[in-house]
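K.L.:
Straight from Swiss-Prot, here's the annotation block:
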SIGNAL    1-21  signal peptide
TOPO_DOM  22-264  topological domain 'Extracellular'
DOMAIN    22-110  domain 'WSC'
CARBOHYD  ASN65  N-linked glycosylation site
REGION    115-201  region 'Disordered'
COMPBIAS  236-253  compositional bias 'Low complexity'
REGION    236-256  region 'Disordered'
TRANSMEM  265-285  transmembrane segment
TOPO_DOM  286-378  topological domain 'Cytoplasmic'
REGION    318-378  region 'Disordered'
COMPBIAS  319-331  compositional bias 'Low complexity'
MOD_RES   SER331  phosphoserine
MOD_RES   SER353  phosphoserine
Amino acid sequence: MRPNKTSLLLALLSILSQANAYEYVNCFSSLPSDFSKADSYNWQSSSHCNSECSAKGASYFALYNHSECYCGDTNPSGSESTSSSCNTYCFGYSSEMCGGEDAYSVYQLDSDTNSNSISSSDSSTESTSASSSTTSSTTSSTTSTTSSTTSSTTSSMASSSTVQNSPESTQAAASISTSQSSSTVTSESSLTSDTLATSSTSSQSQDATSIIYSTTFHTEGGSTIFVTNTITASAQNSGSATGTAGSDSTSGSKTHKKKANVGAIVGGVVGGVVGAVAIALCILLIVRHINMKREQDRMEKEYQEAIKPVEYPDKLYASSFSSNHGPSSGSFEEEHTKGQTDINPFDDSRRISNGTFINGGPGGKNNVLTVVNPDEAD
């Protein structure tokens, strides 16, 4: 026996009912004592924190200081004071506020969604074509506060996926809008394939700030009609539902930050190398200038030493006449018996030269030339 359409629809509702629905409560300066920290996530958003706290069965969750998530079961409105300091954006979704440095953004999870209480029962309804007769089922399931009964089989739900225009197309809302669409399933094979497609996309596209979806369906005359109401405050992506909560929905911004970090690192390395080269050149020029200055001083000192005049004290160079108080006989014994004294050859008051210019004269006599200092008397 082929699967019953109503059973497949109820299975679809049980899957979609696990999607996360939540409402913003308020901004508070503190939390009740039963709130505990769930995680601290680098790409934090309300959708991610909602998923964490839904898995723990909590009734409320709170976002704090960009990236921290807290879960609890007590409504802070009854015991905690409100605050206006929820002004820090979420790291995972910059258009959304994740509390503040001393404030908490508190959200309430949908209680029916959290309990996952969807009753399902087998139905004997089976339709093979639009013209065939249908035995209605009396099964009724309600999973949200907004529900309506339009036929014998009715279900209302809150989730994060939307079926619009036709069973073959699904898309996520991207602006503040309210949309309503309907679709008709006329064959069992079409219902099965569309249910699987919807189930595969129902767990995606959870990046909205505040999203409420209400989907109802009913069977009439062998046909199944879907009616979807969507109320969206804001959303990140439009088109087909391809984004997922957490790191996948923010992969673009993560890549951009990585590129920015690489550029900053490269710029820092280049700047450091240029600065090091400039400092090395300055040190080299300073050392060269000091060496040139020292060389100039050394050469100047050597030059001054070279041109410095030699001084001879007068007492060391007295003339032979003054020291002997008379003319010297010029004997060898007299010169050596009186001792050796330093004599300045250019400071002698008397010069005597004995000798001849011509050893032999015409007459055969040697003439003696005697030169006497005329300033001294004999």
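Any Cβ shown, glycine's included, is placed from N, Cα and C.
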K.L.:
Should anything in the same chain at least six residues away from the transmembrane segment (265-285) have a Cβ under 8 Å from its Cβ atoms, list it; otherwise answer none.
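P.N.:
No residues contact the transmembrane segment (265-285) from elsewhere in the chain.
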K.L.:
Run through the domain 'WSC' (22-110) and tell me, per DSSP, how many residues are helix, strand and coil.
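P.N.:
So the counts come to 13 helix, 31 strand, 45 coil.
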K.L.:
Tell me, what is the mean pLDDT of the domain 'WSC' (22-110)?
P.N.:
90
K.L.:
Just how many other Cβ atoms lie inside 10 Å of the Cβ on ASN65 (N-linked glycosylation site)?
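P.N.:
Cβ-Cβ neighbours of ASN65 (N-linked glycosylation site) within 10 Å number 15.
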